[in-house]
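Taking it in order: structure first as structure tokens, then the write-up.
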Amino acid sequence: MSDMFRKSVLNKLPHLPPTRAPWADESEPIEEIDEEDEQLDGIGEFKPATMGPSKHDTQDYSPLSASTFFAQAAEVQPPSTPCTFRVYLTPPNLSIASANAGTPPGPSGLRTQQQTNRHGTYLVCHHGGGASGLGFAPLAREVKAKGNGEMGVLAFDCRGHGKTSTSDPNLELDLSHDTLLSDFMAIIEMMFPDPKESPSLILLGHSMGAAPVVSAAPELQKKGYTIPGVVVLDVVEGTAVESLPLMKSVLSKRPESFRSVIDAIYWHVTSNSIRNVESARVSVPHIIVPAPSSSSSDPSANPGGKQVWRTNLVGTEPYWEGWYKGLSQRFLRTKCARLLVLAGQERLDRELMVGQMQGKFQLEVMSDVGHYLHEDNPAGLAATLITFWHRNTRVLVLPPKIGAPGPGARGGPVEVKQVGQQ
């Protein structure tokens, strides 16, 4: 594995003492490092767990309620799965969508019209491994604000994460690609049982979540759902597969526990795991759980005390490769608009590079964000998503030619071809 690649992977991780990677800037002071120390188990260390914010730190690290960001929360139990999923959603404002169906003509006399589904449009979000649906909370608020409420947002905690529960604990860590896909399809079909009466669905997946989302798009289209676009956040198959040997080492550097929820939020912010304090305050409490007390095996028996990770990511190792193998090919084959959003100058693999040169998908690169780009800069991502949605669900109404028949004859909107469609 080249130093350049390792640097691209580790740039997503916190750069904090006491350990610094051997390829760091030579102008900065650094202790002598033997070649034998440059092994995988010695790179990319996280900041160790701390005693929490100091008395002089005026920043508020207390947890925030999801109600500030989402309009509703629900428990969804599809009959085909052993899980009861926690779902968060903000429905679209259909009255606003209808009122904004057309736009006034510009200087050229051209007019655009929104291809509105009378049931609205939802952005459906699938989080990555170890995260939760509330990682999309600030994004949901920004999408509502920047889209004038026309686009709804739905996010959920996938199996083995957040507030989702599983009837058989042995199935909590079954996070294979097929299981994630089956769960995702079951939630969609439970929330929107009739494809003809369903809103349009723009599917978004972050990291691990990209795998089921990309695979679900054609399956949902076969069932009659309208899927205007698919969005993938910060994952490239080639880079992801190459980085898998690093993952166990990276996970082993995380603290095993925290003294409290506030300490966990503080660690995520100060380690640069999440660079947005507000987002950390709403998302972090849902990726940790109270540690079992010495007298009870029930994690809820110790509320407010020592906290441990909700999801055993190391236990999902058998499924890691399955999340990413074939992802680029499936992404490029989806019959809808495609958007790939990356954090920093991540390199594309061969298939995506060729696809990008052929104009098969839209590529956006966000700066000054980490791997959790939707948490670090929700406003910037929301603006990109709203533009992507409008671009791929609008028609161009051309003015009639001189001497041409009036409206109703040969006139009418000319549909703009969607990005990435053949």
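Cβ atoms here come from the backbone N, Cα and C positions, even for glycine.
Note that the structure is a prediction, hence the values are computed from the model and not measured.
According to Swiss-Prot, the features are:
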REGION    1-27  region 'Disordered'
ACT_SITE  SER207  active site
ACT_SITE  ASP234  active site
ACT_SITE  HIS371  active site
Item to complete: Give the distance between the Cα atoms of SER207 (active site) and ASP234 (active site), rounded to the nearest whole Å.
Response: 6
Worksheet item: Near ASP234 (active site), which residues of its own chain have a C-beta under 8 A away, given they sit six or more steps off in sequence?
Response: HIS206, SER207, VAL341, LEU342, ALA343, GLU346, HIS371, LEU373
Worksheet entry | Around the Cβ of HIS371 (active site), the count of other Cβ atoms that are within 10 Å | 22
Discussion item. According to DSSP, does HIS371 (active site) sit in a helix, a strand, or coil?
Written reply: coil
Discussion item. So if I draw a 10 Å sphere around the Cβ of SER207 (active site), how many other Cβ atoms end up inside it?
Written reply: 21
